[in-house]
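Pulled from TrEMBL:
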type	residues	note
REGION	1-23	region 'Disordered'
COMPBIAS	7-16	compositional bias 'Polar residues'
TRANSMEM	106-127	transmembrane segment
TRANSMEM	139-163	transmembrane segment
TRANSMEM	235-256	transmembrane segment
TRANSMEM	288-314	transmembrane segment
TRANSMEM	320-338	transmembrane segment
TRANSMEM	350-368	transmembrane segment
TRANSMEM	374-395	transmembrane segment
TRANSMEM	416-444	transmembrane segment
TRANSMEM	464-483	transmembrane segment
Amino acid sequence: MARGEDATSSTLQTVKPQKDISVKEKKQKPQLSVCNKLCFAFGGAPYQITGCALGFFLQIFLLEVAQLDPLNASIILFAGRAWDGITDPTVGFLVSHSRWTRVGRMMPWILCSTPFAVLTYFLIWYVPPFEEGKVLWFLVFYCLFQSMQTCFHVPYSALTMFISTKQEERDSATAYRMTVELLGILLGTAIQGQIVGSVSTCPVDDDNDDYKNSTIPPTVNRTITSLEESKKAHMISSGVICIIYILCSVILFLGVKEQKECVQGESKPLTFRQGLKLVVSHGPYVKLVSAFVCTTLGFLLVEGNFSIFLTYALGQRKDFQNILLVIMLSGTLTIPWWQWFLTRFGKKTAAFCSNLWAIPVIILIVSVKSNLAFLYVVSVAAGVSVGASYFLPWSMLPDVLDDFKVTNPNVHGHEAVFYSFYVFFTKFASGLSLGISTLCLKFAGYVTGNCLQPESVSTTLKVLVSAFPIALIIVGLLILRMYPIDETRRQSNSKVLQARLQSESETQELGSIA
C-alpha cells in the first residue's frame, strides 16, 4: 500500500512541474509577432484611404465635376454622414450578437463587406450620363458605401481587443496600425490628388492678376481640358483605390487570428437603449469620446474644406494636391515620435500637446498671403498634429474599455458597442459640419462650374477652416482635462485584468486536469 502511495505521489510530482512549465511558457510567449502586427495594421488602410479621398475631394468633385448645386451637394454630404453614423451602433449591436465562427467573430463581417464596399465606392466617383436623378445617384451610393464601410470598420476596430490579452501588445499593434493608416492616407492623397490634379477644368494661372483683370466675365468657364477627362481621372483613381482595398483585406485575413481566450464570458444581448445606457453610464468613456468628438470634428472641418480653401482662398489650384501630400507625409513620419512621447509622458498629456499645437498652425495657414514656400513649411508643422489626431483616440479607447471591465467584472462581450458609438458620434457630427459648411458656400454666393468665385466665398472658407475648428479644439481640451484615466490608473487596470485572466486560465487548466 505504501509503495502504491509512493508511486502515486511520484507521478503527481512528475505531472505538476510539466504543468507549471507549460503555464510559464504560455505567459512568456508573445501573442503577436511583428508580422501579425503589420497584417493587423494593413486592415486599417482601406478605411483611411477611402475616407481621405472622400474627405478631401468629394466636396470639390460634386461641385466642379458632377456640377451639382451647393445645396444639393450639402444634402448628399450631410445625409451620407448622418446615415453612416446611424449604421455604426446598429452594426455594433449586430457584431456583438454574432456567434463565434471558425475564423472568429469579427472576421466574417470584414470579409463579406469588402466586395460590396469596393463596388459602391467606385460608383460614387462615376458621373451618370443623365441629369435627372443625378443627386439621387450620388446619395444612394454614398449611403450604401458608408454602410458597407461600417460593416468593415466597426468589427475591425473592435478586433483590437481580440488580438491579444496584453495591453502592451495591443498598444504596440495600435501604433503599427496608425502608422499604416497614415501611410494609407498618404497613399490616398497621392493617388486621388496626383491623378485628379493632373487635369483641371480651369486655367492653371487663374490666380494671376492678368486673368483676374480680364474683360471676360467670371461666369465664363475657360477650360484647358474637357470635363470628360476629369471624370475619367476620378474613375481611374477610384479603381486603383478599390484594388488596394481588396489587397489589404486579404492581408488582414491571412495574417491575423482572433484570440478566443480574450473573451472572458458572454452577457445577454442588449437592446439599443440598453447599449446606449451602458456606454453613457461609464464616466471615463463619456469624457474621452466627448473630447475627441470635438477635436476630431475640428480637424474634419478643416479636411472637408481644405481643397476648396486652397483653390479659392489661397489661389493654389495647381499645388493643392502637393500640399496635402506634405501634410500627410509629415503626419506619418511623426507617429513613432508620438508613440515614444505617450510612453514617456502619458496619453492624456500627448493628446493635450498635439491639439494645442494645431491652433497656431491653423492660424498661420489662414494668415499666409499665397506664399507657397511658407505654406509648405506650415504644412509640415500641421502634419504633426494630424498624425496625433488619427493615432491617439484609437490608442486611448482600449484603456477606457479596460477600465470598464475592471469596474464591471460581470459584463462581457460588448466591445463593439463602445467602438461603434464612438464612430457614430464622430461621423454624425462630421456629417452635420460638412453639410453646414457646403450650405454656407451656397449662401456666400458660390457658383457651380466657375473658375473664379466671389470674395465672400474666400472669406467664408477662411472662417470654416480657422475659427470653427479652433473653437471646437478648445472645447475638446476643456473636456479632456476632466478625463480621469492617467498612467497610474491605466497601469493599475492592466494589472487587475492580467491577474484576473491568469486566475481564470489556471482555474480552467486545473479543471481540465481534474
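Every residue, even glycine, has its Cβ placed from backbone N, Cα and C.
Caution: TrEMBL annotation is automatic and unverified by curators.
When Cβ-Cβ distances under 8 Å to the transmembrane segment (139-163) are tallied for each of 235-256, 288-314, 320-338, 464-483, the top count falls to 235-256.
Counted over residue pairs 6 or more apart, the CB atoms of the transmembrane segment (464-483) and the transmembrane segment (374-395) come under 8 Å in fewer than three pairs, which marks the two as apart. Beyond its flanks by at least six residues, the transmembrane segment (374-395) meets 48, 157, 160, 171, 174-175, 177-178, 181-182, 185, 292, 295-296, 299, 314, 316, 323, 326-335, 338-339, 342, 347, 350-351, 354-355, 357-358, 361-362, 364-365, 368, 422 of its own chain at Cβ-Cβ distances under 8 Å. For the transmembrane segment (235-256), the neighbouring stretch richest in Cβ pairs under 8 Å, chosen from 106-127, 288-314, 416-444, is 106-127.
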